[in-house]
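Residues or ranges marked as ATP binding site by TrEMBL: Lys102, Glu306, Asp321. Look at TrEMBL and you will find 260-412 tagged as domain 'FAM20 C-terminal'. According to TrEMBL, the feature active site maps to Asp301. Here TrEMBL flags Asp321 as Mn(2+) binding site.
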Amino acid sequence: RHKLYREELNLTSPAAPLPLRPEATWLQFQLGISRDGLYPRSSPAVTRLLRDMRELPTISADYSQDEKALLGACDCSQIVKPSGVHLKLVLRFQDFGKAMFKPMRLSTKFLCCTYWGTPGTEPCGSDLVPAVATTPRLSPSPPAVPGALSLCQHSVSGCPAAWLGSPPVSPRQKREEETPEDFFYFVDFQRHNAEIAAFHLDRILDFRRVPPTVGRLINVTKEILEVTKNEVLQSVFFVSPASNVCFFAKCPYMCKTEYAVWEVNPHYCNTVREIYPYSNSNRLLNIVDMAIFDFLIGNMDRHHYEMFTKFGDDGFLLHLDNARGFGRHSHDEISILAPLSQCCIIKRSTLLRLQLLAEPEYLLSDVMRESLLQDPLTPVLTEPHLLALDRRLQLILAAVGKCIDTFGEATVVANDSRQPQSPAEHRAKLGT
């Protein structure tokens, strides 16, 4: 059926990929990864990468490794945790870059996209899909449905997973709507705008551990269906009675009822801090950073962490898969802060940045509001979510203050400054 469709429209194969260029933005980005973060402060490569992920056309599309594992089509030993409730596709560009695409869910069972008769030229309500893009593992994505683009790293100890039909409520959560109170976190919506906002917040906090992410409209007919060679992916596309091109995802439902061990054991930190590498490296401090980040965005869906193993035990943690953040602006989930409140330690650099963002002239909500204006899908967050950041920041500072009152500043605030190493000692090397 798809072959006949392509022949009827006289579709030709996309142009041959260009030769690998050393100046390709995804390559420059990867060469800038160090043990301190995914990219340096004020990195020009990130600015160019965000632009390319917004604009470059796709030449191929395929399921992510996690999706293939769920389908039994790849080695599951490569996957950290092949589960989840969100479809993820890998889109490739002519410069060999790749981006992970997370389409925004529009229906309980399937997503209707571009007009079938003249692909990409006659939108039909849900023709364009907002997308989110993150850093290159090898590249970026295209326009037509609300979704999210994310890039994986070759050296990461795993990538995200699949998609599932939405909970028995409205088929699409509007940005001004909150997640219902009686939802467990594992049936919450996956929000493409949460991935975008998480990248901006991570950069403002100077963590630089969320892959670059940008919103984009994807034409699913021209930029997914017509370029994919995966027959399974082709088979999930169909034409609706309204002549819309739709596609659906197939994956097992997984009710992940587990909670982070911090949340069920109030003395867990006493055990953890005696165990290597948490006992004598930055690992525990990095976990506290991640808890602060998750608390600010309201993300309870953090079951494990990932990091670059090539940087050893002192490598930073990757803040991946943030689509369940920014669900409830009226509720602050204090349990997420358990690593901070139990261990009572925090990096001095993190504390100083948080204190700065609490000052009236540098309010976190104001800085985020201005930063998010750069994204093509603006407005990314509603005003209540922005104001919730200021409220939660005060709660974090109050928790730190309580720890200092109990144990003293010298014990709680860790000096994380270090002498800079030569680039050759800690930069990611191409092909390794």
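For all residues, glycine too, the Cβ spot is worked out from N, Cα and C.
Unlike curated records, TrEMBL annotations are generated automatically.
Neighbour count (other Cβ atoms within 10 Å of the Cβ, all protein chains): 31 for Lys102 (ATP binding site). Cα spacing between Asp301 (active site) and Asp321 (ATP binding site): 9 Å, rounded to the nearest whole number. Within 10 Å of the C-beta of the residue listed as 'active site' we count 18 further C-beta atoms, all protein chains included.
Summarised as a single figure, the pLDDT of the domain 'FAM20 C-terminal' (260-412) averages 92.
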